[in-house]
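Look at TrEMBL and you will find E71, L106, K157, E158, N161, R163, Q175, H190 tagged as chlorophyll a binding site. Marked as chlorophyll b binding site by TrEMBL: R76.
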Amino acid sequence: MATMMMRSRVAAGVRPSRATAVRVSASTRPMWYPGATAPKHLDGTLLGDYGFDPLRLGTNPDQLKWFREAELTNGRWAMAAVAGILFTDLVGLPKFWLAGAESYALDTPTLALIEVLVFAVLEGKRYEIYKKTGETGFLSFAPFDPLGMKSEEMKLKELKNGRLAMLAFVGFCSQAAVRGKGPIECLTDHIADPGHVNIYTSSVGPETAVTVAVLCVLPIIIEATKTLNPGKEAVPYFPWNEPWNKV
């Protein structure tokens, strides 16, 4: 009996506490760069949270959920835009930045009026649903999931693909502005001569090199700042950190 009691006490002494388990989970949590420390308002409970919020846009909890919905919405539009741009490039349709100059069945003012009216209804319903349910939908359907694919895994995939699509769209626009070509044509040129046709040999090559260098050094600066100011999180003041009714 005494032996069993001693074993029980030893086991109790080495059993990890809940706090320890939480700390281990937090230490193994993937971050936007290795070793990064997430700000306090990003505790890992939000789907797709990698501790990235350098401007502290999500400091206000009242706005954080709305910003997530905004990220999802912009990601969905970007995915549709990227797919459309690639399609028009592949089939030889006019470049996406020239689409507004094309002739259509309706003139531009009429199309603009239709767009404003349609999106006023859609966006109005989207916001109304969000206020009621905490998530957006389509018209009176919330959530809008006709194929029954609303799982945590699919939500994360949608979020990640949306983020990637937003970056891709910025890249497409940059290529159009710098080289005057679409993404497929730029890719073909790069594959044919990668050493001479790339972002560093373009007209914005020096600016790009400096930007990449700064981004590479940024984590080192952040870690040095944390070392010099242990236990202190430097949160700059931005007006959007205040509640909406005080801005």
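Positions of Cβ are set from backbone N, Cα and C atoms, glycine also.
Under the DSSP three-state reduction, L106 (chlorophyll a binding site) is assigned to coil, being neither helix nor strand. There are 16 other CB atoms within 10 A of the CB of N161 (chlorophyll a binding site), with all protein chains counted. Secondary structure at K157 (chlorophyll a binding site), taken from DSSP and collapsed to helix, strand or coil, is helix.
Looking at the residues that bind chlorophyll a per the record, E71, L106, K157, E158, N161, R163, Q175, H190, the two CA atoms farthest apart are separated by 39 Å. All protein chains shown were included, and the count of other CB atoms within 10 Å of the CB of E71 (chlorophyll a binding site) stands at 15. Cα-Cα distance from R76 (chlorophyll b binding site) to K157 (chlorophyll a binding site): 12 Å (rounded to the nearest whole number). Long-range Cβ proximity for R163 (chlorophyll a binding site), meaning a same-chain Cβ under 8 A and a gap of 6 or more residues, is found for G48, E71, G75. Of all the binding-site residues given, namely L106, E158, Q175, the one with the smallest number of surrounding CB atoms inside 10 A is L106.
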